[in-house]
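Asks: Next up is a structure, given as structure tokens.
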Amino acid sequence: MGRFIFVSFGLLVVFLSLSGAKGSCCTNDSLPMNGMCYKIFDEPKTWEDAEMFCRKYKPGCHLASFHRLAESLDIAEYISDYHKRQAEVWIGLLDRKKDFSWEWTDRSCTDYLNWDKNQPDHYKDKEFCVELVSLTGYHRWNDQVCESKNSFLCQCKF
């Protein structure tokens, strides 16, 4: 009887410790924040190919969206630490209507924007996707031709 109680207690402890662990998409080279996991991918892709890659990477993933300055600064620091190419990085903001009405691919509210100087400009009426600018330490954004190839930042829900 004593052994049964001991084994049962041991199993209960294991169960409780495992049930407290959240399954997430975060790996050692990812940034967990606000119920999301952010991961940089260095392989250059067009904006559309990058979004499709994120969606296939794990359920609930998209190119990253930003909603506060503090969040943007943490992500910029993460990219600076883990991004090998030191080049621009796609995020999930685009202008589908081509009328400066920017939308996130995850359909979250466009409540925060952080454009670089004189941006967005839709240069030559061809720039409708958004990248983080490396020369700003990944703090500021630029609209870019969607067919350009950049590294990209995915975000996944825990």
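In case you wondered, yes, glycine gets a Cβ from its N, Cα and C as well.
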Asks: Taking Swiss-Prot as the reference, Cys146 is linked by a disulphide to which residue in Cys129, Cys154, Cys156?
Replies: Cys129
Asks: Grab the pLDDT values for the domain 'C-type lectin' (24-158) and give me their mean, rounded.
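Replies: On average, pLDDT over the domain 'C-type lectin' (24-158) sits at 96.
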Asks: Going by Cα-Cα distance, pick out whichever of the recorded positions Asn28, Cys37, Cys54, Cys129 is nearest to Asn142 (Ca(2+) binding site).
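Replies: The answer is Cys129.
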Asks: Please report the distance from the Cα of Asp143 (Ca(2+) binding site) to the Cα of Cys129 (disulfide bond), rounded to the nearest angstrom.
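Replies: So the Cα of Cys129 (disulfide bond) lies 5 Å away from that of Asp143 (Ca(2+) binding site).
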Asks: Tell me whether Cys54 (disulfide bond) sits in a helix, a strand or coil according to DSSP.
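Replies: It is helical.
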Asks: With every protein chain in view, how many other Cβ atoms are within 10 Å of the Cβ of Asp143 (Ca(2+) binding site)?
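Replies: The answer is 23.
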